[in-house]
Every structure is written in C-alpha cells, then in structure tokens.
Amino acid sequence: MVSFTVSVPATTANIGPGFDCLGAALGLYNHVTVTDPTDPEVDLLIEARGRDGEKISTTKDNLLYQAIAYFYQQTGQAIPPLKLEIDLEIPLARGLGSSATAIVGGLLAANQAAGNPCTTSEILQMAIAMEGHPDNVAPALLGGCQLAVKNGDHWQLVALDWPSKFVPVLAIPNFELSTEAARAVLPHQYDRSAAIFNASHLALLVQAFSQGRGDWLALALQDQIHQPYRQSLIPAYDQLHQAALAAGAYNLVISGAGPTLLAIADEVRAPQIASTLVETWHDAGIEAESHCLPIDTKGATITKLR
C-alpha cells in the first residue's frame, strides 16, 4: 500500500439560522497518516499526538477507525492491516467539527487504501449517514461554505460565497461541551413563528454573503431554533455577545454545538474582537484562546508519501 496523509479542516456549523444544514471549513486541520504496520502480526496500530491526543482512543472504537470499518462494510471488502498516525490541531468537543474530521478522514483514508472505488458524492453520503447531519461533514470534505438541502434520501450541496472581508473570529474556551448535551436542551417542537423567522434569516444570510453586505449579515445571523436554548450552557454568553458587538463585530453566534463562539467581523476590527472575547471570558473566570481563521476552500486533501 502506498503511504499517504489525509488532512481535514475544522468546521463551524449552523452559523446562526442554518441549524443542521449550513457550515463552513476553517484553516485549522487534523491529519492522519496511513501506512502498513511493520509487524506482520499486527492488524491495527493507532498513534495519536497533538492537541488532546491523550484523549484519543487507540483501539478499534476510535471514531476514525470506525469510519474506515464502515467504508469497508459498505463496499464489501476486507479491512487491510493499517497503521494510523493521527496528528491533531483541532480541540475536541468544542464545536469545531472534530468528529467530522475523524469521519471524513477515515472514509477518505479507506477509499484511498482501497484504490478509490467511491466518488466524492458517495463518500459524502456515507459521512452524513455516520454523523447524522451534514453541516460539519460537508464543508470538511468539500471546503468553503456549504448549504445542505435534503432531496429524498440524499443531500444536495450548494456552495455559498463567503467574502474574504468577512473574517471568522473563533473564541475557544478551555471546557468541553458534548453535542449530545447541547441537543438535549432543544425543544422537540417549535412555534410556526420560529420556523418563519429562521427561514427568512437564512435566506438573508445567503444574500449577505453573496453581496458582501455587512449590514444584512448583522441581522441575518439571528436565530430562534437553537441558540436561545444553548446560551445557558455557555457561561457569560450575554456579556460575550455584548462585548463582541461593542468591539465592532457584525454579530456573534455559537459555533456548532458550542462552547466555541464565532464572531464575524471586518479585517480591521477582527484582531481586537479576538482579544476582547478572551478578556471577557477571563473576567468570568474562564480561560480561552481566540483565532482569526481563514475560510478553507480546498476541503479534505490527500498527500501521497511514497
């Protein structure tokens, strides 16, 4: 088998009104290098290093390996012996799509090792089936900002413009929040008014991106489906929101399931907003870091090593 490395970007999902259907890839990556084990008696060897590497399973319940196993099950092939070297830059359980990087990375690694029998579209459908929703796996695989629309049993992906003048500012606290916990606080039913509110704001968000309208963006990022319920899980959310707006952000939203927060700002104000969010969280007794990250436009990539 030819050795290779799969690199998969972090993602920020929902982006205000786009709950479970909108996400964007960011310039922060997890990597997995796939080689043959040197010991012929070993069928699987997993090594993990980098950020939160000590929390990564090195047995067959590892999510990346589970994605590999799922691929081979779907294609009716036997899993070959594998050595997986996982190198992490993306923190776990922070709302930055770490699970999507494992799923997409595993599926692409398996496809490459098997001789690429599946198309990108087929890999995408497998990834959505594993993740349960498309908003992280779609941009992780394809790059850019992706809107997912259900079409029967499949999902149709539409790439949206994200003007470079709209800078993503990510504020990442030092505590985790699981997707399960963030989903548990959501209601099972919604008022019609909330559905109408989000439909109109998502439509405006598409136009704000398309036309580069910051004034529309500020309004469009509002949401009534998930953020009002998840804010209680994020300490000092109201203060952080107010501080971001005061520092010049168009608006501030929860990245994915949280607890990372996403502010969108122009290039001039973005660095100050990043500092302000860290300081505001520090004042609330929580340590955090912030990054002004570019939108990744390539998605997951494969680099052959030999």
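Placed from the backbone N, Cα and C atoms, the Cβ positions cover glycine too.
Database features, via Swiss-Prot:
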- PRO91, LEU92, ALA93, ARG94, GLY95, LEU96, GLY97, SER98, SER99, ALA100, THR101: ATP binding site (BINDING)
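Those residues of the chain, other than PRO91, LEU92, ALA93, ARG94, GLY95, LEU96, GLY97, SER98, SER99, ALA100, THR101, with a C-beta within 8 angstroms of the mean position of the ATP site C-beta atoms are ALA10, ILE90, GLY256. Each of the binding-site residues PRO91, GLY95, GLY97 was scored by the number of other CB atoms within 10 A of its CB, and the lowest score belongs to PRO91. For ALA93 (ATP binding site), applying a Cβ distance below 8 Å and a minimum sequence separation of six or more within one chain yields GLU176, LEU177, SER178, THR179. When the neighbouring Cβ atoms lying within 10 Å are counted for each of the binding-site residues (SER99, THR101), the highest count belongs to THR101.
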